[in-house]
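Enquirer: Got a structure for you, questions after.
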Amino acid sequence: MTPQIPLKLLNKINSPADLRLLREDELPLLCSEIRQFIIEVISSNPGHLGASLGAVELAVAIHYAFNTPVDKLIWDVGHQAYAHKIITGRRDAFHTNRTYGGISGFPKMSENEYDAFGVGHSSTSISAALGMATAARLLNGNNEQHIAVIGDGAMTGGMAMEALNNAGVSNTNLLVILNDNGIAIDKNVGALREYLLDIVTSRAYNKLKDKVWKMMGGNTSYGKNSRAVVKQIGNALKSTILNKSNLFEAFNFRYFGPVDGHDVVRLTKLLHDIRNIPGPRLLHVITVKGKGFEKAEQDQILYHSPGMFDKTTGEIIEKPCKSLPPKYQHVFGKTIIELAEKNPKIVGVTPAMPSGCSLNMMMSVMPHRAFDVGIAEQHAVTFSAGMAARGLIPFCNIYSSFMQRAYDQVIHDVALQGLQVVFCLDRGGLVGEDGPTHHGAYDLAYFRAIPGLTIAAPMNEAELRHLMYTAQLDGKGPFVIRYPRGRGLSTDWKKPFMEITAGTGRKLRDGEGVAILSIGHPGNFAAEACDILQRDGILAGHYDMRFLKPLDEQLLHGVFKKYNRIVTVEDGTINGGLGSAVLEFMAAGNYQARVVRLGIPDEFITQGKPEELYALCGFDTDGIVRTVRSMLNS
Ligand SMILES: Cc1ncc(C[n+]2csc(CCOP(=O)(O)OP(=O)(O)O)c2C)c(N)n1
Ligand SMILES: CC(=O)[C@@H](O)[C@H](O)COP(=O)(O)O
Ligand SMILES: [Mg+2]
């Protein structure tokens, strides 16, 4: 439900055109109404709170100062764009944010004309904006403005650097707004972070900034002499910022800032003034993640995406969870510490997701052996390869969908050289509310194509633990373990370590006529389906394949000899995954059987609760039961 809070100004805003009718002095009130609205809605329908609270003034100022949607606004990652959504015609739909059938949690081109470019993954905005600006120049003579808004975390991503490098010599009109709140999901890391901190905290710099401000008469109208003034500012900055030259100027960008990103009136004026300066420009804006909501400002990591919370106090509303099994990520976090205590060769690597994948546990007890390398999946993989080349055993934990970024590095730097890197792919399968940008749909299929990889998917937490143990044993080579977001089903996961021989599946139950072959967590849906079918007298055999590569061929020979109806179940794309591997095995062995493949179909799956999406794809318990029944009836 849309909340019933007084929204004197916001209720009048159905598009940025309405926004532009407001007086400048009304903008602060509008921002505070938007902030209230976001808090109210996200408290009961969870989403990305902190980043969006920090970008309210930015969204308002940009739409106020620019002629969107003719001018193109491109958000990076897009998790900070709730204010943008709300003022671009989606206020009344905002309560459906991230739900099945509702609006997306990220900008999405097909959803709204103001979403100039779809996002979800990090560090794409400058490339996309540069591409669009280049197209505009070629097609219609450069009449439109292109604005990329990118966070300090996203700016550490390789793509952002590649784009700056290209943009700086492109002579294209492009405004990059660096939304610097000094944090990513977790603490931002790396030399760039330190550089930005230097700029912002340098007292010498701030003094200089005040001087320049006075020099310009205390207003932002650069007037006729804009070039000269800007050049003066640039030269002064160069010599002042801790004797370092300005990084962005080194990329041929004109640098402005840093400015207070919550002073909406000043921000609006400034944007207006730099709007028509030609060429690549970068405006450095300082914001506070969680701005305006005390708890979210205090604990910015927790309130990045806090789940449900009390809209007044900010207290997190925890569901009772005493007897719940642990999340897979926590099993990873605890197990890597146990293994690393015994095996000094083990190190941990994450590209900017320490709390998301639980490597933060190892980082706090073994800080010298656990590395957050920033939003840099490609680097994370090759950095791991380097360590493996010198004899360490890196556990490189990357969300499945973000691993798409580093496919070449896995092939070229790890697999081709047979290096023992253990890839733990968290968030394999359908992740839920983040939707198609974040579903880990392709990993099984894309990794199956690579020679020399061992690919495993545990059905439960205990198996994850055993697989992690197995992967770090001597001589294992590159090893992929993929598991889903959220909780498994077993509370007694902490069993003594046991090696699981690569390429061995296990029979879970015998059947007649029909067998189910599953891999990973959906094996639990298959087990439940078998129970339901058995109550109707249908005995379905069930095998947990555990490994996609190497396949357990001995087990498969047994299955094809015994059953002539086979259902494969996986939470990855059907194209190229377990089902495809089983079909290839059947063809090679000249077996005759009817095989139905359940998994993610050849389309992008929307957002929603995981259960809704499993059902949509047809590999939930009911879907498996239906499939088996219909196979037996045909
Ligand atoms: C390729 C990729 N890796 C990781 C992520 C996960 N991720 C989403 S937001 C974020 C932090 C971004 O930090 P910043 O750009 O500073 O934005 P803020 O949340 O501070 O506004 C990360 C690591 C992602 N979306 N895409
Ligand atoms: C925006 C983004 O990419 C992350 O915040 C992502 O939503 C995290 O997903 P999890 O909630 O699965 O950690
Ligand atoms: Mg940030």
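A Cβ is built for glycine as well, from the same backbone N, Cα and C atoms used for every other residue.
In TrEMBL, annotation is done automatically, which means it is predicted and not curated.
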Enquirer: Say TrEMBL lists Gly120, His121, Ser122, Gly153, Ala154, Asn181, Phe293, Glu377 as binding thiamine diphosphate: which of His63, His79, His466, His521 is in the same site, per that record?
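Expert: Record check against TrEMBL: thiamine diphosphate site with Gly120, His121, Ser122, Gly153, Ala154, Asn181, Phe293, Glu377, extra candidate from His63, His79, His466, His521 is His79.
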Enquirer: Please list the binding-site residues from His79, His121, Glu377 whose Cβ falls under 6 Å of any atom in ligand 3.
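Expert: By the Cβ criterion, which requires under 6 Å to ligand 3, there are no hits.
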Enquirer: Can you tell me which of these binding-site residues sit near ligand 2, meaning the Cβ is under 6 Å from at least one of its atoms: His79, His121, Asp152?
Expert: His79
Enquirer: Give me the long-range Cβ neighbours of Asn181 (thiamine diphosphate binding site): same chain, 6+ apart, Cβ under 8 Å, in sequence order.
Expert: Ala51, Gly54, Gly151, Asp152, Ile286, Thr287, Val288, Lys289, Gln300
Enquirer: Measure from the Cβ of Glu377 (thiamine diphosphate binding site) and count the other Cβ atoms within 10 Å, all protein chains considered.
Expert: 27
Enquirer: Would you mind checking how many other C-beta atoms are within 10 angstroms of the C-beta on His121 (thiamine diphosphate binding site)?
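Expert: Taking all protein chains shown, His121 (thiamine diphosphate binding site) has 22 Cβ neighbours within 10 Å.
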